[in-house]
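Asker: Right, I'll just put the structure down here and ask away after.
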Amino acid sequence: MSDKVYPVTAEWSKSAYVDAAKYKSMYESSVSEPDKFWGEHGKRIDWVKPYTKVKNTSFDPHNVSIKWFEDGVTNVSTNCIDRHLATLGDQTAIIWEGDDPNESKHITYKQLHEEVCRLANVLKSYGISKGDTVTIYLPMIPEAAYAMLACARIGAIHSIVFGGFSADSLGGRIEGCKSKLIITADEGYRGGRKVPLKVNADAAIKKVDGIVETMIVVRRTGGKVAWTEGRDVWYDEALAKASPDCPAAEMNAEDPLFILFTSGSTGAPKGVVHSTGGYLVWASMTHQYVFDYRPGEVYWCTADVGWVTGHSYIVYGPLANGATTLMFEGVPSYPTISRFWDVVDKHQVNIFYTAPTAIRSLMGAGDGPVKATSRKTLRVLGSVGEPINPEAWEWYYRVVGEERCPIVDTWWQTETGGILISPLPGATALKPGSATQPFFGVQPQVVDAAGEVLEGPCSGNLVIADSWPAQMRTLFNDHERFVQAYFSAYPGKYFTGDGCRRDEDGYYWITGRVDDVINVSGHRLGTAEVESSLVAHIKVAEAAVVGYPHDLKGQGIYAYVTLMTGIEPSEELRKELVSWVRKDIGPIASPDIVHFAPGLPKTRSGKIMRRILRKIAEKEFSALGDTSTLADPSVVDDLIRERAN
């Protein structure tokens, strides 16, 4: 745990929405009088028919039910577009930056309105109506946002499948929500390479025969694609014939807005269902307060819309707030390792939100590529996706933000809909590696294995004691699995699946997934702690730690280590790293095996696939499970070869 504290500076607090005192009073009223608090803040979005009921929720395992603003009627698309037209019609809604640095475009709110309405009318012409599901399988191009908002406009439920997923994964997700229509592209671009999309979509549809009736295809690369007459439609040709005006469907607050399939640790992917009203209130409010977003600023979240971060913090939250949001098709390392910072300068980005894995890989390339750019417009930096180790936090703060930008280290999940624990720039003193304090209305608790709520400084499992507006409502067509997965371990509480430590200041430190705990000779060790220690070593760029069967200790510690550019692995360095961790955490945390790895297996969103690393450490090479989400499968082959020898 880092013992450094960075107090709120006068610069951060002078025009922030909340300071420490206001946070305290708002938080207290949000948990003591939720109906009053959310009754007021629910009005931040426009309602066709205002709600009279605010909160109606139960975490009782026999009757899990979550309803917010349940008698209100609204539309997400009009909240993200139409309500801004009178005052912000000519303002840029979306800045799109292509994979190729020479390709970018600005889309105003007026243009966004026209594109979304045309696509909504096309969807209707192909028989899509309120309650139908539409699968979106697109690269990071503006059409992905248009498709989401067009579905929302007519009350269709979208299910986005990340463009890096295989035909098998796509087919399973189409079958999971029975989409009659899919929107895809001929191909995508990523890091200078073409990514097959229509080929995968064709293969997926074959696997789930009889479900998909229509495939709308965006021309992205102009590459040759197979064509099925009567089913396949070119996006541009269909839109050219459609009206640029489409009335918005009146949606109940509790109508589903989207389904997002997330991998279960076992079994089929889970279709997380998010609502309309509560979700949008939360996405817009967290976007404003957590990033301290101010009108006219340029906001960039580097995620993909295929992940929940892209849903909430590229599209819905920012656009509901009338923001200018940046969509990036490329990768941080193409054409050069300074790409992120070049984009920041090119588009004068004020708020930048990315993942620890990207920060660590950029840190591995040294300070030079960052310092070659200006970044003077940056005001707030954010981190999302996994706990950020203090070493990477410090680098991000010192080198990228030049010690003038607060870092909001945000903790949340696909299931939570939006940020639950995070600093607020004008209110929260920062501790590198800590997600700090809960957002309004969020009641975290730390419990022990028996479910006892722990007070004061402690370590245990993180649960949330009561509901918040953006909480997932159910798993698609499987409410029983929803109750089982999230409410049965600690009855009456939402179980996050994450381990957590709370310090003497009441700050929360996420220690990683509960299944990422190693039991060494009866001592429970969070893998995140050992990883942070390794990454703090000057020669280490990235580390992933897993447990493996050990004759004496029960479990041993297996550390995969990627070294900084230019550093060669050696037996001396291996010993040095073992003693480094031993000195930093204690003998109990000393790695038993240090495996120098040129790369780690990651999903396209940058998460390290520890499940695969565990299997390799255990030498269970034939039981790796689903590897379709890997960004670079060759990494796994290399690791297996090295482990086998």
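Using N, Cα and C of the backbone, Cβ positions are placed for all residues, glycine too.
Summarising the annotation, Swiss-Prot assigns CoA binding site to ARG190, GLY191, GLY192, ARG193, THR309, SER521, ARG582. Feature annotation from Swiss-Prot assigns ATP binding site to GLY385, GLU386, PRO387, ASP409, THR410, TRP411, TRP412, GLN413, THR414, ASP498, ARG513, ARG524. The Mg(2+) binding site annotation in Swiss-Prot covers VAL535, HIS537, VAL540 and rests on sequence analysis. What Swiss-Prot lists as N6-acetyllysine is LYS607, and the listing cites sequence analysis.
Let's see these features in context: how buried, what's close, how far.
Answerer: All protein chains included, ARG190 (CoA binding site) registers 19 other Cβ atoms within 10 Å of its own Cβ.
Following the DSSP three-state reduction, the secondary structure of TRP412 (ATP binding site) is coil.
HIS537 (Mg(2+) binding site) is surrounded by 19 other CB atoms, counting those within 10 A of its CB over all protein chains shown.
Listed in sequence order, ALA355, THR357, GLY385, GLU386 are the same-chain residues at least 6 apart in sequence whose CB falls under 8 Å from the CB of LYS607 (N6-acetyllysine).
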Asker: Measuring Cα to Cα, tell me the gap between GLY191 (CoA binding site) and VAL540 (Mg(2+) binding site) in whole angstrom.
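Answerer: Cα-Cα, rounded: 25 Å.
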Asker: Name the residue among the binding-site residues ARG193, ARG513, ARG582 whose Cβ has the smallest number of other Cβ atoms within 10 Å.
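Answerer: It is ARG193 that, of the binding-site residues ARG193, ARG513, ARG582, has the fewest other Cβ atoms within 10 Å.
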Asker: Quick one, of the binding-site residues GLY191, GLY192, GLY385, PRO387, which Cβ has the fewest other Cβ within 10 Å?
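Answerer: Lowest Cβ count within 10 Å among the binding-site residues (GLY191, GLY192, GLY385, PRO387) is GLY192.
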Asker: Measure from the CA atom of THR309 (CoA binding site) to the CA atom of TRP412 (ATP binding site) and give the result in Å, rounded to a whole number.
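Answerer: Between the alpha carbons of TRP412 (ATP binding site) and THR309 (CoA binding site) there are 9 Å.
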Asker: Taking Cα atoms as reference points, rank the binding-site residues ARG190, THR309, HIS537, ARG582 by distance from THR410 (ATP binding site) and give the first.
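Answerer: Nearest listed residue in space: THR309.
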Asker: How big is the gap, in Å, between the Cα of ARG582 (CoA binding site) and that of HIS537 (Mg(2+) binding site), rounded to a whole number?
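Answerer: With the alpha carbons as reference points, the distance is 12 Å.
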Asker: Between the Cα atoms of VAL535 (Mg(2+) binding site) and PRO387 (ATP binding site), what distance do you get, rounded to the nearest Å?
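Answerer: Roughly 13 Å, rounded to the nearest whole number.
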